[in-house]
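Encoded as structure tokens, the structure appears first; notes follow it.
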Amino acid sequence: MEGCLTLVLLSSIITLTTSDFETVRLVGGNSPCSGRVEVHLNGQWRRVCGTDWDVNDASAVCRELGCGKPLEDLGHALFGQGSEPVLMDNVDCQGSESTLENCGPIGRGGNNCEEARVRCSESTNYRRSRLVAGSHLCSGRVEMYFEGQWTSVCDAAFDLQDAAVVCRELDCGAPAQVLGAAAFGKGYAQIGSKEIQCRGNESHIQFCPSSNSHKTNCTHENDVGLICSAYTDLRLVDGPDMCSGRVEHQFLSKWGTVCNACWDMRAASVLCRQLNCGIAVSVVGSDWFGEGQGEIWADVFDCEGSESKLSECSVSSWSRAECSHRRDVGVICSNSSLALPGGLVRLSGKRQCEGEVEVFIHQVWRRVLLDSWSLAESSVVCRQLGCGSVLSFNRSSSSSPEHSHECMRGFQCSGSEAHLGNCSSPQTVSCSSFPQLSITCLGRESIRLVGSGGDCAGRLEVFHNGSWGTVCDKSWDIKDAHVVCRQLQCGVALSNQQVPAWFGPGSGPIWLDEVACEGNETSLWSCSSPGWGKHDCQHENDVGVVCSEFKEIRLTEGCEGNVEVFYNGSWGNVCWNQMDGDTVSLICQELNCGRSGIVSDSTPRVNSAPNWLDKVKCRPHDSTIWQCPSSPWGQNDCSEDEVAKITCSSEMIFKSFNMASVVVFP
């Protein structure tokens, strides 16, 4: 058996499997980075004998704990004598292992031996966080070091700001996913009595404010997990200069290419900005800069396009099965010698891959006219923007007075160019001479939830072959719903909506039926199904999903009453502490109840709902209540007479969907 060693000891056959022990710690020192070596097995900490213990073995321990390198060989009395039983002896590491359990072969030791001891280089500047039981060093159950011991963290007390600091402290890039409900198994460390409240820009957890935890009902069932992107560097290679080439990322110290199914113009814009290469001109395929070798990183970088570096973009996993080096993506930035004048293009529609065509000429964005435009030019634009192939091009239904009165016409492309700058030179003409041009590209496949007024609940729709379609509820269960919520970064599924078309019937194609997920996939595309368009159902069977991160706000009596928010599956109160006129006005505007309101002096009607939010204080630039600073969810000491009740200035214009009517099934 791989990873095992069979030993003859006291006339018995004893087998020790390295993967059986769960983690390692150093005890008896003045930090988690120095002390006696102990490993955890079957619920108990056990000592490690120091027979043949050397710097290679110590290196694995320091590396696993994020404590740098071993400093010295220690005398046996420095950290005292342990009382735990001995687990193993004759540890044999080569010096490159990331964890002690990767070393071998390992023997079982007797109780009478000198213990292995380590002092690591970061003993005086140690990390206070670690990720345990993940698939690599940058994923796993979150544990933090407080008051001399490692503690697990409650999922309700951990947010993306905290996650950003943990990933940064561990040199693991940006947070990709925060997972609750013991996604990486239940821990055995003490449940933390402290909660951190990071702003998100701290370099280490020790610089974040902390307070005593109010989560008295937390158990190891609520241990939070974290997956960091683990991307630490990037480059463009095999181009004529540093501002164009094949995209390569460094992930856990390994360089790899990026799949073109996982890359778009917004991500390219951020990359060019990060490399001080101007702005993105084009996203190209492997035919431009050749196929790479080695690893292929198939994660999707979900950028807005305005970020200063890729680590500020959220990262979600994509199916590895559809990627090969033939799909390695390349980027041309504006500071590259390949970026010819007139090559910058954008689409000004509601979605990234559709809208009116605009080109950047003489420092001004100008619309393009439909005259003399063909499928070849459309193909170049869609390819340049990383939007796949062309779905359609036609006359624009609108024109914008904010743009220049001069437009462009006369582009002539063969269809194989990387960007419009490689096509023949256009002419500048009056915008009134011909109709303006609009393009719809196919884009990459995506999913969305619609019909609830929020992004994290609604009818499930998937984008395929140029159009949005629904999913049939046949064989659909809570595991499938969990995958949808995970892919959308909306937490976990609250329920499996058994009512057909709960969020209303959709229209258009029914793309999927009999979806079967295991529940641990990161994308719906990793689940099995009969195939695109294969179904025997109607839109009356369209499936709906409600995720835990779905948030909604309401007033209990139309445009007046108690302020309540829907979060984590239930309605709860908002308290009025620090609530001012800007906050009340924004609530009224968000509910279509007028532009202003007042906090009512009448006694609010209070039920047994939880007090979800307190100290909500909106700023002038906030456009939704969810952008306003507040106390953490559920962390307050509000009394019944502090529940907010407001009256808005006019009648409510009812939304098409009201979460007050939703029944969340257990």
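Using the three backbone atoms N, Cα and C, a Cβ is placed for every residue, glycine included.
No curator has checked TrEMBL annotations; they are predicted automatically.
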Response to the item:
According to TrEMBL, the cysteine among C618, C638 that forms a disulfide bond with C628 is C618
Worksheet item: According to TrEMBL, which residue among C103, C113, C228 is joined to C167 by a disulfide bond?
Response: C228
Item to complete: Scan C33, C49, C198, C208 and flag the one TrEMBL records as disulfide-linked to C113.
Response: C49
Worksheet entry | Site of maximum Cβ density within 10 Å, from disulfide-bonded residues C154, C333 | C333
Fill in: For C198 (disulfide bond), the number of other Cβ atoms found within 10 Å of its own Cβ
22
Item to complete: Looking only at C-alpha atoms, tell me how far C527 (disulfide bond) is from C167 (disulfide bond), rounded to the nearest Å.
Response: 29
Practice prompt. Sort C113 (disulfide bond) into helix, strand or coil using the DSSP assignment.
Written response: coil
Practice prompt. Measure from the Cβ of C228 (disulfide bond) and count the other Cβ atoms within 10 Å, all protein chains considered.
Written response: 27
Worksheet entry | For the domain 'SRCR' (24-121), the mean pLDDT of the predicted model | 73
Worksheet item: What's the most sparsely packed of the disulfide-bonded residues C93, C113, C313, C423, counting other C-beta atoms within 10 A?
Response: C113
Response to the item:
disulfide-bonded residues C49, C103, C198, C228, C272 vs C303 (disulfide bond), shortest C-alpha separation belongs to C272
Worksheet item: Looking only at DSSP and grouping its letters into three states, which state does C313 (disulfide bond) belong to?
Response: coil
